[in-house]
Amino acid sequence: MHIVLASTSRYRQEIIARLGLPFCAEPPVCDETPLPGETALETAVRLARVKAQSLAGKHPEALIIGSDQVALLDDKQIGKPGGFEQGVEMLKWMSGRTVVFHSALALYNTASGRLQECVGITRVTLRRLTEAQIRNYLTREPDALHCAGSAKSEGLGGALLEKVESDDPNALIGVPLFQLITMLGNEGVEVLK
């Protein structure tokens, strides 16, 4: 049974590639708009599930990995900014504060219909940043505008961070890898074979 990553994120592809298992990556079909009254956790889990299941018709005998990440601050969901200025405003709001990232993962076995889900929680405290620092960061890391809150931990994004608390460091990049290894094992895929 082949493995499909329902994502075009190169960072997520790099994480999955670390397992040394063959896989392909395809864009999922998914409206990422949160539903009214939905918590950040519920949004992340639902979107990971929808992304995984959206490719089932194309892959009737596959293990499809869907993932989604939703950030939360002051009980407000933080999504991807709509542009540069929105990214600046998001990072100004998050500056010096602790943001909770919910990184959901769904593994869908299209042959059996079995769905496994998990969530990795990461608490990230950002440094106090000036507006000039924020603008310089977003200019030098334009990919950050495709991330929740315009914040990434990879590359120059490390300069934004003061502290990271998580059971799985991969979760902050959007894939709770430790839990994925267990899920794959439940489907008979042994990573260390």
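Backbone N, Cα and C atoms are what each Cβ position is placed from, and that goes for glycine too.
According to Swiss-Prot, the features are:
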ACT_SITE  ASP68  active site, proton acceptor
SITE      TYR11  site 'Important for substrate specificity'
SITE      GLN69  site 'Important for substrate specificity'
SITE      GLU154  site 'Important for substrate specificity'
> Roughly how many angstrom lie between the C-alpha atoms of GLN69 (site 'Important for substrate specificity') and TYR11 (site 'Important for substrate specificity')?
Replying inline: 13
>> For a quick check of understanding: among the recorded positions ASP68, GLU154, which residue's Cβ has the most other Cβ atoms within 10 Å?
In response: ASP68
> Considering the recorded sites TYR11, GLN69, which residue's Cβ sits among the greatest number of other Cβ atoms within 10 Å?
Replying inline: GLN69
> Secondary structure at GLN69 (site 'Important for substrate specificity') (DSSP, helix/strand/coil)?
Replying inline: strand
> Any idea what the Cα distance is from TYR11 (site 'Important for substrate specificity') over to ASP68 (active site, proton acceptor), rounded to a whole Å?
Replying inline: 13
